[in-house]
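Chemist: As annotated by Swiss-Prot, substrate binding site applies to His194, Met195, Thr196, Ser239, Ala240, Ser241, Tyr281, Tyr282, Asn335, with the evidence given as sequence analysis.
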Amino acid sequence: MPFDRDKLEELRSLAQRDFDRAWKEGAKLVREPGLRDRYPRLKVETGEPHPLFETIQQLREAYLRAGFREVVNPVIIPEEEVYKQFGPEAAAVLDRCFYLAGLPRPDVGLGADKVEKLAEVLGREPSEDEVERLRETLHAYKKGEIDGDELTHEIAEALDTDDGTAVRILDEVFPELKRLKPEPLEPPLTLRSHMTAGWFITLSEILKREDPPLKLFSIDRCFRREQREDESHLMTYHSASCVVVSDDVTVDTGKAVAEAILRQFGFEDFEFVPDEKMSKYYVPGTQTEVYAYHPDLEDSIEDEELGPGWVEIATFGLYSPVALAEYGIDYPVMNLGIGVERLCMVLHGIDDVRSLAYVEYEPWEPSDLELARMIDYERKPATSFGERLVREVVRGLHEHADEEGPVEVELFRGEFGDREVVVHAVEEEKGEPLAGPAAFNRVYVLDGNLYAVPPEGDFGREIREEGVYSGVSFEEGLAARLAYEVEELLATGGGETTVSVRKVSRPSQVNLSLPRKLLRYVTKKGGEIEIKGPVFVTLRAEVR
């Protein structure tokens, strides 16, 4: 909220007479952070890219810097295109492809039994005109004149009813629609299983209007019907693929392009090994695996033959003239492909490719600071009056902590509207201090463990120095609960309330809230939650 203008004017006037005093007095106008907006719970949120799409963007920039132009390749590939590219091997290759299918448009009848059921759902007899309009609607749906996502609304219009009733009609009057089974599309269509399937189609069209040399790249999703998904296999993945079309393309072109792209990611040395797979769309002997060395990977990745820091990262080859001839392409073409997920895993130290596609596989390793931000008070005041009560009670409890019982100390007195609030700390036992030895314990997070330790002294020193303070403490938690209950009394007409704690064995006793995700994390990692101690504090409030 803005500063009080009258007080600002007073400070301005005072500064003309005594600047140093005015400067010090100005501190009183600065608002203290409340329980709800205090660091570390107060955080400036920032966005964070997904590592997969961050890698895609880095690859896009790498290709562009290397002089390549970005294009979009077809995702839906007719089956016949696979035969043109693979020849006799196509039948085996298609086994890994997903085929597209769709639900048939049935010829739905509207006999007497359907009309009778329709009347039950409508709660009235449909008119002859309504039945005829419904019949016409179903016929139009059969012919494809009405899309599936429009059918509910069209039925509602035909019968002069609402969409909710139309949904019931589809479900109860025409249950056969739920029993429809997908049927393969004709002609057969597949989802792109590798980027090459799209490159032949794209190049055949581009070369009708452009002359070589061409340097093109495309980064997009491919689909492969794996037997199962595991740590290294997904049914959908991203390929960062490029082609070079030129009269002078050779295998060395692939080597040079691989180096140009991968050096931008910190890879320093390269080995090129003939690939034993020998795909039929490549010229025999040109399909090549690219191994690259990265100095930062020496401790995490090791190739059996090349040693630490070496990893297989890409494949390239020259397209077969046999396949090119099927598309009327007269020029040599080099194709390089980089698996985006593979590169992302290498660069980010990811062990399970599924973590890039499914949230449930993402490793969750929150920092101590992130865990500290999760710790809060279960009950806390909602008003500035309640916040002030908390501050003064905490301050007074610190000042009078060592006073011995029997004793009763006033910690707060204030007015809220026409009501007065008075808070006392009470110790009835003779010779016992007003606050026990653990009354001022603060909660820290260290290496994923939660500890409550005193604010000073030898006990807990290492935790205080190396851990992250959560911003919550025992005495403030008790004061916050008391302030919450005082606000409840102010809203209901007054009365008395007491917050009293002796030995603490669980966080809720001092009004601390630990979310389930934090508890699950600490428990799963076998961590500790040591929030306990002899508090021995009693706070009493009266609203009158």
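Quick reminder: no glycine exception, Cβ is built from N, Cα and C everywhere.
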Chemist: Taking the residues His194, Met195, Thr196, Ser239, Ala240, Ser241, Tyr281, Tyr282, Asn335, which the record names as binding substrate, find the longest CA to CA distance and state it in Å to the nearest whole number.
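Modeler: Answer in Å: the longest Cα-Cα distance is 18.
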Chemist: Can you check what DSSP calls Thr196 (substrate binding site), collapsed to helix, strand or coil?
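Modeler: Looking at the DSSP assignment, Thr196 (substrate binding site) belongs to a helix.
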Chemist: Look up Tyr281 (substrate binding site) in the DSSP assignment and report helix, strand or coil.
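Modeler: Coil, per DSSP.
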